[in-house]
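What follows is one structure encoded as structure tokens, with my remarks underneath.
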Amino acid sequence: MKTLGEFIIEKQAEYPEAKGELSGILASIRLAAKIIHREINRAGLSQDILGFAGSENVQGETQMKLDIFANETMKKALLAREDVAGFASEEDDNFIAFDSERNRNAKYILMTDPLDGSSNIDVNVSVGTIFSIYKRISPIGSPVTIEDFLQEGRKQVAAGYVTYGSSTMLVYTTGNGVNGFTYDPSLGLFILSHPDMKMPAEGKYYSINEGQYVTFPLGVKKFIKYCQENDEASKRPYSSRYIGSLVSDFHRNLLKGGIYIYPTSTVYPQGKLRLLYEGNPMAFLAEQADGMATDGFQPILDIKPTELHQRVPFFIGSKTMVKQANTFMQTFTE
């Protein structure tokens, strides 16, 4: 049995020039995940953390009380160790430059969706936390700048998510494969349960909100019909599975094989998911697990961000299925 802490130390030992900052950040995320896990597990017993907060985030989306709690928990956990120079979140209007001397001398910045799928909390459906870590490009010792956050996804040094469901799991990559750790509440430890995770090249599930079908571009409509057609050779029709939480849908497809799609639409002309907080970290994980992630035309990780809350159409999952979806997008243009 190997714990997350032991795994981090073991991997750090493989890089003697490393000073442990990245390990410290992962330890902060581990702590935040435990705290968020605790609050989610008692959500049905406490009205203090259930329901709407009465505020909106920068995208105009109504914030849940747990959105704000998870966001503040991540900030506090990172500030306590001073291994991060700056922080950006889906829930905040602007990035935050941590301004202690040690923070200014830190090499990394972190971006997060602190509680993905939070609208599901009140009905006891699984949710998640997503995180993404980059090396800063501004001078060490100075406050971070917007350019530190607007880096292509390929420059990520680590990314991962925590899924809070029937069990709580932390899944992450540092660019050398994907590993999953299951939380044992009796021990208070994350235990390595899914080493070297690989996404099946082909899958049998497609995940998309078909209730918005009429708003989708033609290529997506054609691909949905393709998924529903009978074809013994390709083992179609595929099964539709859509939870409404990116982390939950991706996690199932990572284990079982499948594709998750959140395309452009007449309601969301640029797509709905955020490139920096959702797209890039999940795309990094997918590629490290032999999967694929695109906007229907190009790899997500190759997109140069232009703003903190930039939206992007999103196709992610088993490589064969994403390639098929890309073909439909590129063939059936409007």
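Cβ from N, Cα, C; glycine included.
As annotated by Swiss-Prot, Mg(2+) 1 binding site applies to GLU90, ASP113, LEU115. For ASP113, ASP116, GLU278, the entry in Swiss-Prot reads Mg(2+) 2 binding site, with the evidence type sequence analysis. Swiss-Prot lists ASP116, GLY117, SER118, SER119, ASN209, TYR242, LYS272 with the feature substrate binding site, giving sequence analysis as the kind of evidence.
Annotated features, which come from Swiss-Prot, shown on the structure.
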| residue | record | DSSP class |
| --- | --- | --- |
| ASP113 | Mg(2+) 1 binding site | strand |
| SER118 | substrate binding site | helix |
| ASN209 | substrate binding site | coil |
| TYR242 | substrate binding site | coil |
| LYS272 | substrate binding site | coil |
| GLU278 | Mg(2+) 2 binding site | helix |
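Of all the binding-site residues given, namely SER119, ASN209, TYR242, LYS272, GLU278, those whose Cα is no farther than the 10 Å limit from the Cα of ASP113 (Mg(2+) 1 binding site) are GLU278. For LYS272 (substrate binding site), applying a Cβ distance below 8 Å and a minimum sequence separation of six or more within one chain yields TYR262, ARG311. Neighbour counts were taken at the CB atom with a 10 A radius for the binding-site residues SER118, SER119, ASN209; the maximum falls on SER118. Reported as a whole number, the C-alpha separation between SER119 (substrate binding site) and GLU90 (Mg(2+) 1 binding site) equals 15 Å.
Ranking the binding-site residues GLU90, LEU115, ASP116, GLU278 by Cα distance from TYR242 (substrate binding site) puts ASP116 first. In this structure, the C-alpha atom of ASN209 (substrate binding site) lies 16 angstrom from that of ASP116 (Mg(2+) 2 binding site).
For ASP116 (Mg(2+) 2 binding site), the same-chain residues that are 6 or more apart in sequence and have a Cβ closer than 8 Å to its Cβ are VAL127, GLY128, THR129, ILE130, TYR161, SER245, LEU246, VAL247, GLU278. Comparing the binding-site residues GLU90, GLU278 by how many other C-beta atoms lie within 10 angstroms of each C-beta, the top residue is GLU278.
Separation of the C-alpha atoms of SER118 (substrate binding site) and GLU90 (Mg(2+) 1 binding site): 12 Å, rounded to the nearest whole number.
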